[in-house]
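> The structure follows.
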Amino acid sequence: MEHTIAVIPGSFDPITYGHLDIIERSTDRFDEIHVCVLKNSKKEGTFSLEERMDLIEQSVKHLPNVKVHQFSGLLVDYCEQVGAKTIIRGLRAVSDFEYELRLTSMNKKLNNEIETLYMMSSTNYSFISSSIVKEVAAYRADISEFVPPYVEKALKKKFK
């Protein structure tokens with residue numbers, strides 16, 4: 001049987017339990033999961049690329065088939081480099097789908113061999129976004145149910 005590799009891209013600024021839910025649910029469907037931290041030219045990050053990588057690595061260390069990498073450029077190029085045939089994207093709501101559909105269409109034009117798999121977030125995470133978590137953290141509210149402990153500590157330090 002063919003060794004299957006999937007890529008889960010994102011800015012992960014920072015990683016949340018919503019992201020982790022999608023990553024964990026993907027691990028038993030593919031032999032290898034690459035969490036690909038994309039440097040997004042449109043988003044100015046709260047955490048540096050290196051900090052985001054560290055937060056993700058700490059959050060997924062219990063998942064042996066997950067690798068964390070950074071990449072700037074076209075996602076389909078990264079997929080080709082690592083031999084991935086699938087991109088996994090998490091969806092929280094219909095509004096996410098419209099944006100994701102445009103990305104998927106472009107990726108298909110660039111490389112017809114790569115498929116995109118959409119996973120609905122679990123209902124208890126459907127309202128969580130990195131932006132909302134950061135906003136709540138800035139007011140020093142409890143964010144423990146939204147992010148792993150290591151990330152919570154890093155956010156508290158950022159918003160001292």
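Glycine is no exception: its Cβ is also placed from the backbone N, Cα and C atoms.
What Swiss-Prot records for this protein is below:
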BINDING   11-12, His19, 90-92, Glu100, Ser121, 125-131  ATP binding site
BINDING   Ser11, Lys43, Leu75, Arg89  substrate binding site
> Helix, strand or coil: which one is Leu91 (ATP binding site) in, per DSSP?
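Reduced to three states, the DSSP call for Leu91 (ATP binding site) is strand.
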> Distance check, please: Cα of Ser11 (ATP binding site) against Cα of Arg89 (substrate binding site), rounded to an integer number of angstrom.
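Ser11 (ATP binding site) to Arg89 (substrate binding site), Cα-Cα distance: 12 Å.
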> Between Ser129 (ATP binding site) and Leu75 (substrate binding site), what is the CA-CA distance rounded to a whole number of Å?
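Their Cα atoms are separated by 21 Å.
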> Using DSSP reduced to three states, classify Phe127 (ATP binding site) as helix, strand or coil.
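In the DSSP reduction, Phe127 (ATP binding site) maps to coil.
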> Far apart in sequence but close in space: which same-chain residues, 6 or more away, have a Cβ under 8 Å from Arg89 (substrate binding site)?
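Same-chain residues close to Arg89 (substrate binding site) (Cβ under 8 Å, separated by 6 or more) are Ile8, Pro9, Glu100, Leu103, Thr104, Thr116, Leu117, Tyr118, Met119.
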> To which of the binding-site residues Ser11, Ser129, Ser131 does the lowest count of other Cβ atoms within 10 Å belong?
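Sparsest of the binding-site residues Ser11, Ser129, Ser131 by Cβ contacts within 10 Å: Ser131.
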> Which entry in the list of binding-site residues, Leu75, Leu91, has its Cβ near the fewest other Cβ atoms, using 10 Å as the limit?
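Leu91, out of the binding-site residues Leu75, Leu91, has the fewest neighbouring Cβ atoms within 10 Å.
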> Out of these binding-site residues, Tyr125, Phe127, which one has the fewest other C-beta atoms within 10 Å of its own C-beta?
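If we count Cβ atoms within 10 Å for the binding-site residues Tyr125, Phe127, the smallest count is at Phe127.
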> Give the helix, strand or coil assignment DSSP yields for Ser11 (ATP binding site).
coil
> Including all protein chains displayed, how many Cβ atoms other than that of Glu100 (ATP binding site) lie within 10 Å of its Cβ?
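Summing over all protein chains shown, Glu100 (ATP binding site) has 16 other Cβ atoms within 10 Å.
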> Compile a sequence-ordered list of residues in the same chain as His19 (ATP binding site), six or more apart from it, whose Cβ lies below 8 A from its Cβ; state 'none' when nothing qualifies.
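Long-range Cβ contacts: Ile8, Gly10, Phe12, Gly90.
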> Can you give me the Cα-Cα distance between Ser131 (ATP binding site) and Leu75 (substrate binding site) in Å, rounded to a whole number?
23
> If I take the alpha carbons of Leu91 (ATP binding site) and Leu75 (substrate binding site), what is the distance between them in whole Å?
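Between the Cα atoms of Leu91 (ATP binding site) and Leu75 (substrate binding site), the distance comes to 18 Å.
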